[in-house]
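Colleague: From TrEMBL, for reference:
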type	residues	note
DOMAIN	28-310	domain 'Gcp-like'
BINDING	H115, H119, D304	Fe cation binding site
BINDING	V137, V138, S139, G140, G141, D170, G183, D187, N276	substrate binding site
Amino acid sequence: MKENQYVLAIETSCDETAVAIVKNETELVTNIVASQIESHKRFGGVVPEIASRHHIEQMTITLEEALSDAGMTLDDMDAITVTEGPGLVGALLVGVNAAKSIAFSKDKPLVGVHHIAGHIYANRLEKEFEFPLLSLVVSGGHTELVLMREHGSFEIIGETRDDAAGEAYDKVARTLKLPYPGGPQIDRLAQEGEETIDFPRAWLEDGSYDFSFSGLKSAVINRLHKAKQRDEYLKPEDVAASFQASVVDVLSTKAYRAAEEYGVKQMIVAGGVAANKGLRAALKEKFKDSETELLIPPLHLCTDNAAMIAAAGAVAFNQGHRAGWDLNANPGLDLELYGSRKHNSK
Ligand code: KG4
Ligand code: ZN
């Protein structure tokens with residue numbers, strides 16, 4: 001790595017248009033996020049077509065804001081990195097094409113980044129990684145336990161068999177008539193409620209690190225329907241607290257068990273649900289006497305941003321990864337395959 005290396009990153013996989021610059025792999029220079037949440041709220045979720053249009057409108061503005069905030073120009077960048085997947089194809093395409101245009105016109109190397117690798121690497125902006133490590137990835141689209149033995153290598157030891165944790169939060173929130181995105185709303189209500197309902201915990205087979213949240217989601221919806229039929233009042237705070245207790249119990253217990261079994265040096269929490277107060281507290285409690293160091297990113301690095309893409313992209317760049325001009329949006333990009341794919345030189 002040259003002495004002062006600057007990597008620019010673009011992230012447009014869902015409903016945030018984001019641009020960031022990272023210096024020497026781990027120093028955050030600027031991190032600009034233009035959120036579209038307000039536009040999607042009235043539909044109760046992200047509308048892909050609207051997301052793509054917003055990305056087109058926001059892309060150049062966000063890029064200019066990041067450069068001006070950093071007091072730098074595109075010529076100062078050593079590499080252009082971009083989320084190539086997974087995500088919404090139309091949304092991803094805006095970022096991928098912006099990155100390709102910049103790299104081509106400024107003759108810079110181009111690197112494609114996996115969105116979840118980004119979520120994991122958000123933690124490296126705070127603390128150096130020590131391998132082997134495990135990452136509990138909990139986002140709107142993913143719930144998995146990822147083992148990393150070295151930089152850029154990802155082994156999934158457990159994953160959800162149905163809904164992602166964030167998805168379950170959003171669906172239960174919609175049933176409680178809370179605005180999108182529901183995760184933070186349930187989290188807020190849960191702090192004010194009591195665990196009065198004993199919702200199921202999906203432990204699955206002995207020793208499995210897989211997850212399942214659809215049964216819990218149905219249990220919450222059924223309980224609410226039953227209450228309505230009986231004219232019974234359930235405090236939304238208590239429903240939220242009971243639902244959250246089940247999710248947090250399973251996530252933190254499986255994460256702890258995996259950390260013990262694999263003897264990892266660090267347990268990293270990644271993705272939007274890592275912002276959850278209940279989950280953060282439960283993990284801190286579980287790992288308080290453990291030899292495994294627990295890393296949880298600050299809130300602004302939990303939800304989607306481009307700093308995390310720059311952090312993962314800089315490592316991939318320094319490992320020799322290069323994308324060609326045929327780089328395309330890849331909505332179903334596989335994490336393990338991404339980590340193991342051959343270097344593709346420009
Ligand atoms: O990682 P992220 O920003 O986007 C994806 O890559 O999916 O995660 C978004 C998800 C949403 O489902 C949102 O409801 C959830 O993260 N989320 C939360 C909290 N903050 C965001 N879920 C529970 N508690 C929170 N505090
Ligand atoms: Zn994400």
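Even glycines carry a Cβ here, placed using N, Cα and C.
Whatever TrEMBL says is automated annotation, not expert-curated.
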Colleague: Name the residues of the same chain, 6+ apart in sequence, whose Cβ is under 8 Å from the Cβ of D304 (Fe cation binding site)?
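Modeller: Result: E11, S13, C14, D15, E16, A18, V33, G272.
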Colleague: Out of G141, G183, which of these binding-site residues shows the lowest number of other CB atoms within 10 Å of its CB?
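Modeller: So among G141, G183, the binding-site residues given, the one with the fewest Cβ atoms within 10 Å is G141.
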Colleague: Other than H115, H119, D304 themselves, what residues in this chain have Cβ atoms within 8 Å of the centroid of the Fe cation site's Cβ atoms?
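Modeller: Close Cβ neighbours, site residues excluded: E11, S13, C14, T83, I116, G118, S139, G271, N305, M308, I309.
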Colleague: Which of the three DSSP states, helix, strand or coil, fits G141 (substrate binding site)?
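Modeller: DSSP assigns G141 (substrate binding site) to coil.
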Colleague: Taking every residue in the domain 'Gcp-like' (28-310), what is their average pLDDT?
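Modeller: It averages 96.
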Colleague: Can you tell me which binding-site residues out of G141, G183, N276 are within 10 A of H119 (Fe cation binding site) by Cα, answering none if there aren't any?
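Modeller: So the list reads none.
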Colleague: Per residue, counting other C-beta atoms within 10 angstroms of the C-beta, which of the binding-site residues H115, H119 reaches the highest number?
Modeller: H119
Colleague: Note down the number of other Cβ atoms within 10 Å of the Cβ of N276 (substrate binding site), including every protein chain shown.
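Modeller: Its Cβ has 26 other Cβ atoms within 10 Å.
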Colleague: For N276 (substrate binding site), what is the secondary structure by DSSP, using just helix, strand and coil?
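Modeller: The three-state answer is coil.
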Colleague: Between V137 (substrate binding site) and H115 (Fe cation binding site), what C-alpha distance do you get in Å?
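Modeller: On Cα coordinates alone, these residues lie 11 Å apart.
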Colleague: What is the total of other Cβ atoms whose distance to the Cβ of V137 (substrate binding site) is within 10 Å?
Modeller: 26
Colleague: At the level of the C-alpha atoms, what whole-angstrom distance separates N276 (substrate binding site) and H115 (Fe cation binding site)?
Modeller: 20
Colleague: In sequence order, which residues at least six apart in the same chain have a CB under 8 Å from the CB of S139 (substrate binding site)?
Modeller: I116, H119, A164, A165, G166, A270, G271, G272, V273
Colleague: Should H119 (Fe cation binding site) be counted as helix, strand, or coil on the basis of DSSP?
Modeller: helix
